[in-house]
Structures are given as structure tokens and as C-alpha cells.
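Written out below as C-alpha cells is the structure these notes cover.
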Amino acid sequence: MSKILIRGAKVLGGEPQDVLVDGETIAEVGTGLGAEGAQVIEADGKILLPGLVDLHTHLREPGREDSETVLTGTRAAASGGYTAVFAMANTFPVADTAGVVEQVWRLGKEHGYCDVQPIGAVTVGLEGKQLSELGAMHDSAAGVTVFSDDGKCVDDAVIMRRALEYVKAFGGVVAQHAQEPRLTEGAQMNEGVVSAELGLGGWPAVAEESVIARDVLLAEHVGSRVHICHLSTAGSVEIVRWAKSRGIDVTAEVTPHHLLLTDELVRSYNPVYKVNPPLRTERDVLALREALADGTIDIVATDHAPHPHEDKDCEWAAAAMGMVGLETALSVVQHTMVETGLLDWAGVAERMSFKPARIGSLAGHGRPIAPGEPANLTLVDSAYRGVVDPAGFASRSRNTPYEGRELPGRVTHTFLRGRATVVDGKLA
Amino acid sequence: MKRHLISAADLSRDDAVLILDTAEEMARVADRPIKKLPTLRGRTVVNLFFEDSTRTRISFEAAAKRLSADVINFSAKGSSVSKGESLKDTALTLEAMGADAVVIRHHASGAPYRLANSGWIDGAVVNAGDGTHEHPTQALLDAFTMRRRLVGPDAGLGKDLSGRRITIVGDVLHSRVARSNVHLLTTLGAEVTLVAPPTLVPVGVESWPCEVSYDLDQVLPKSDAVMMLRVQRERMNAAFFPTEREYARRYGLDADRMAKMPEHAVVMHPGPMNRGMEITAEVADSVRCTAVEQVANGVSTRMAVLYLLLGGSEPAVATNHARTEENK
């Protein structure tokens, strides 16, 4: 078995320590550990985090391999410091059967860059009418526990109620894409001052907030837990805060882009800023950061949404919604949360590894950096400053809103069960 | 002036006055036996229309032809665009053909901005109406019409619309004409009031440099010009208002309401009019209504825009040029 000694790493941002990895597990954590028979990595004060876990990734395979595949998506994930990603169900065909989720799961295992945990569709074809065979997907080799129609909202209150109830039988959770469909017909961007000037169809905050309010009340009524995808408004934060204070079993995620970018960027009409839910206002951004810091929002999830160049190199209305995010997420979180003093690195580990793994009931990930635990680790050079250049992305797609922007931090090493997937910032 | 005309907000007060003054010169050419100037000889103007708009297209076509430009009309219908060609590829095609200016009408807000700023083409881009965003040449021809009527063709030269009170009535939410007019009229010193049912006023309007009212009768006596916007009947299917009749009763302009306007005030309409909806036939056909005049002024104004974007420093109309300079 191969041994690796990571020397002088600030574990969760604490005092420098040595971490000895033996085979697939962490053997020892301490100071002055011996290096006999081990390959030594001089961490030199870099930050050591548990391997990151993304609860919200679009890998596009099967069906849209022109934008991403399980291979390219997991390579992008490893580059960004992730050791596990949850793959959303809106593929072609939709991941609404045991067959499709097992295919995605197997592809992830074969490639070996990052564990892929498929998410199952709540309803057949994401159509919101009939429940998918949720139990069959859970019982499959893929062992699905998270269900979502993401991209579409489960807007029928009865279907949502039944889904919340049904998955209790096997400890599942429904992740809701909160978007009232009638209020967002023709929606192109956040409804407000900027949409009024630009003449683009508005996506009002209330279309998200009203669904979240309904769903936390449904979860309370039937005694289920519910997860809210990509919270984007200050009002949504207030509702989730209220629900948690009432003891409702709700968790919520925020994307990196909603922590940093605002709808002012849409003035460029550059579709790289087109995303769903849309970029909101400065006030929303600040509320989301605060909520992530105080735990109202539990986790950061990327909503990594690759699109081919031609789907963004066009007029705004014709463009696809979504941004890639796996390779920049940690940098954006460092920039918006750590360097603003809102979170320390232990807080980042909680929100980008421990908690997402718990929400998704994912064994072997989001574990403490301690002897006997799986060696899923991410080493971060937090002192690094660099300009984002999508040409260097491992993702097949380049639709990043950060091109040309300086962001801090760089993942230098990623280990998946003791095996390096990234070494010195390059894919192994 | 900037190289493109995408938004009325791109124009400074001096830019706007220069365009109106130049349009006044162009209007005089229209009174000559030969209505043609050699100014843009050898230049190519493409009318790229992704949306049907015969009125706007022929206005730009007449403007370009009177300046002796070569005009190519590219309509999205029946062309490769309807077969799925992207805006980008269409733009590259026009660029390869050597278009000096592209006049674009598009159903998507921001399409002209993308065309001008994506590096797809080198030529000047003129926005001839994009989605529910802007229609700057319409605002210019409206301002030109107001200045002529309220100040006078000669007396107006070099002047803006300071202190004039302009009321814009109707479907502001979906109106590119309203957005461009708010920008331009404010730049020219006018005070703008928008009147509409609350459903047809955009959320976020509070940041616009204008007043908003839901009560037409209250605003009319204080208006120097009242601009009636076209209201599409289909809007009522989306519950923006209950019925056509209710809309007409509350927000339509009829003879009784027109009588509440000051003696000198004019009624404007960008066309095409929905007679019986936002405007009665009696008002539309009255001498106070400038709708037909606006069409004529549209050609002069668009000549001025094309000349200033493409013609550079050469005088447009040699004989009248000196006088215009004096008045600036």
C-alpha cells in the first residue's frame, strides 16, 4: 500500500500538522510524523480540507455530451477540490428510472476522478404529474436518496406533498427548485430596477419565496425533511430562518454566483450572466452571505451548468440558462466568505463537505480529518491570486461568469480515497 | 456621438440637439424637386429585420436612399434565419458583404447591443426596435415633432425641450417607445409623466427619471404633448386589464378628454393606431394629432442619424449648413 505524508498543512485552517495517508485511509494526524516509505507533499502552510462535496451538479450525460460528460465533469470537480458530486436528474433521458441512475453511477466509478452520486427525478420526465419509481432508484446500485426535478419546480402541491411523504420510507429527501411557473412565464432576469430598464421579462423574488413558504409548511405538516436548491433572495432567507426556528426539518443551499454577482451585470446583455434562478440585487447577495455564515443556509452547492459555446454566443433571450462552477466555487467562497471574515476554514469545510454529505446521506464523504477516516482530502493554496482563464478548465464547457476576474485560492491537491486526482494544480 | 445608436441614453443633450437640427436640414431637402443627396454614395446600409415592421423598414429605406446609400433589405422571414441561422452567423454574413451600417429590428431585447459589442461586425449598428427595450429613432422623431410643433421649425434650431411637460399613456411595461422617450425627453430637459394601469407599469419604474400616474384626467390639463401608446388587445388575455372597453374608458383618449388639454398641446401616436382602443377616430383624425406628421419626420430624423453615424464630417447639405452652425 502506498503512503503519503502531507507535511505542515493547516487542517481546517488550524495550526500546521502532518497528515499520514496509508492506502485509502488517514493513518495519523500529528506533528513531526515520520516519512518512512511515504511520498512527501510539503504543504507549507496550505489549508487542508475534507474533500468537497457538491450536492448540485449537472453532468449532462446521458444526452448532452456536447456540453459535459461524466468524465469531463468529474475531472472539473476534482480540479475544484471535490471528491463527490451529486448529479442532477435533468438529462436526456431523464434520470427517472433505476436504469439511468445506475448508468451515471457506473460511469463515475469507471472514470475514478470523483464519486458520482446520482439524483433521481421526483416525477416522470420532470413533468410534475406522476411520481417516478423513487423506491426502485433508491434500491438500485446507485442507492439514490436525493430526489429533484431541478430545472423545473414540483409546483403541484399534492405531488410535492406525496413525494415528501413517500421518501420517508427510505430516508430520502426532496430537493426543490423553487419557481412558481406562472409568475415566471417568459422570465429572463431578476424583476426589478434593471429589468425595467433593459426591457427583459422579470423573474420576481416572490416566485421563489412563495414556493419555499408552501414547501416548508408542507414538510412540517407531513413531518418530512425538505431541501431547497439555490436560494437566491433575501426573502427566501427570512422564510427558511423562520421555518428553522419553528423546528421544521429544512436545509438550504446557495450557489457561489449568488454570493458574488448581481443583476447589474445583465446590463451587458452577455448571456454568460443568464442563470436560473437569476442574479439578484446587492441586498440579496449580502443577505445570502449572512445567512450562510449564521447557518440559516446550510451549504454551498455549485449548480454547475455547462452549456456549449453556441448556446451562449447569441442574443440574451435565445441563450441557455446556467453557469459552470465546479472549478471556481472554492475561490468564490474564499473571496466572499473567508476574506470578508464571515467564515473560517472550518466553517467552509462544514458548508462544502460535512453538511452536504449529511444532507445527501453520502457515506465515506464529509468525514473529519482523523485517523481511520477515508482519505478524501483537498489541499488549498489560499495565498494564491490568479485571473480566471476558462481555457484552462477541465470542464468541456467554458460558460463561466468569472472570466478575467481575479479570484483568490487554488486547489493544489485532491485525494480520492488516498489516490491523488490533482497534483500541483494539475489533474493526475 | 458614439459609433452606434443602441439606446436613447447613449445620446448627450448636444448629440440629441445636433440630430434634431440635422433632421431639420434633411426635412428641407424633402421640399426640393429632387429629394436626393449624394452624401452616402457607395456606402451600404442593411436593414436587418427579424420582426415584421413594414413602417419602420420603409422609413429607414427611404432615409438611406435619399442619402444615395445602397440599401439591402434582409428580412428574417423566408431567409436562412428562419432555418435556424444564428444572429452571429447572420452578422458575419453581412460583415462579409461589406455593410457600413446595420439597422436592426429584433424581437429580443438587447440583440442590437450584442450585435454592436460582440466583435461580430465592424459597421455601425442602429437599433430599430429591440423587444421591449428601446426604439431610439422613434424617440428622436417624436422629439423632432414636438420641437417643431411646440417651438417651431426655425425657432427650434439649437434648442431642446426644457420645461415642456410630456405625458406618455398606455402599455409602458411592454413599450420600447416609452423607454426610449423617457431617456431622450429627460436628456432634452422635458418633464415626463407616464400614465397607465398599474399592471402595465414595470416593477422598478421608481428608478426612472419621470413621474408615474394612474389618473389620465388629472394629468391632461398639465400636458404640452400627450403620446398615446399602442395597446395590444391580447394583453387582456393575460389579465393586464379586464376588457377593451374598460381600458378605453379609463385610459383611452377621446374628444372630451382632449378638450381638457391646453390649447397648444398636441396628441401623438407612434402607430399603428388601435382606433377605438387607446384613441378614438375623432382624436386620431383631428388637427392636433401628429401621427401622420411623425411618419414624415421619421424619414428626416433617420436620414440625420445615418448621416451623422456614417457621413462623418462632410456637410450634409452644403447650402444650409452655415445657417445651422450659427444657430447652435
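Cβ coordinates are placed from backbone N, Cα and C, and glycine is handled just like the others.
Over in TrEMBL, the protein carries these features:
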- B:Arg55, B:Thr56, B:Arg105, B:His135, B:Gln138, B:Gly271, B:Pro272: carbamoyl phosphate binding site (BINDING)
- B:Lys83, B:Arg176, B:Arg230: L-aspartate binding site (BINDING)
- B:3-147: domain 'Aspartate/ornithine carbamoyltransferase carbamoyl-P binding' (DOMAIN)
- B:163-309: domain 'Aspartate/ornithine carbamoyltransferase Asp/Orn-binding' (DOMAIN)
**Request:** Could you work out which of the binding-site residues (B:Arg176, B:Arg230) has its C-beta surrounded by the smallest number of other C-beta atoms within 10 A?
**Result:** B:Arg230
**Prompt:** Per-residue pLDDT averaged over the domain 'Aspartate/ornithine carbamoyltransferase carbamoyl-P binding' (B:3-147) comes to what?
**Reply:** 92
**Request:** Measuring C-alpha to C-alpha, could you say which of the binding-site residues B:Thr56, B:Arg105, B:Gly271, B:Pro272 are within 10 Å of B:Arg230 (L-aspartate binding site)?
**Result:** B:Gly271, B:Pro272
**Request:** Write out, in the order they occur in the sequence, the residues of the chain not among B:Arg55, B:Thr56, B:Arg105, B:His135, B:Gln138, B:Gly271, B:Pro272 that have a C-beta within 8 Å of the mean position of the C-beta atoms of the recorded carbamoyl phosphate site.
**Result:** B:Ser53, B:Ser59, B:Ala128, B:Gly129, B:Pro270
**Request:** Please work out the helix, strand and coil residue numbers for the domain 'Aspartate/ornithine carbamoyltransferase carbamoyl-P binding' (B:3-147) from the DSSP assignment.
**Result:** 66 helix, 27 strand, 52 coil
**Complete:** Expressed in Å to no decimal places, the gap between the Cα atoms of B:Arg176 (L-aspartate binding site) and B:Gly271 (carbamoyl phosphate binding site) is 13
**Message:** If proximity means a C-beta under 8 angstroms from chain A, which of B:Thr56, B:His135, B:Gln138, B:Arg176, B:Gly271, B:Pro272 count? These are the binding-site residues.
**Reply:** B:Arg176
**Complete:** In this structure, the one of the binding-site residues B:Gly271, B:Pro272 whose CB has the fewest other CB atoms within 10 Å is B:Pro272
**Complete:** For the domain 'Aspartate/ornithine carbamoyltransferase Asp/Orn-binding' (B:163-309), the DSSP residue counts stand at 66 helix, 24 strand, 57 coil
**Fill in**
Close in space but at least six residues away in sequence, with Cβ under 8 Å from that of B:Thr56 (carbamoyl phosphate binding site), the same-chain residues are B:Arg105, B:Ala128, B:Gly129, B:Gln138, B:Gly298
**Fill in**
Across all protein chains shown, the one of the binding-site residues B:Arg55, B:His135 with the most other Cβ atoms within 10 Å of its Cβ is B:His135
**Complete:** Across the binding-site residues (B:Arg105, B:Gln138), the Cβ with the fewest other Cβ atoms inside 10 Å is that of B:Arg105
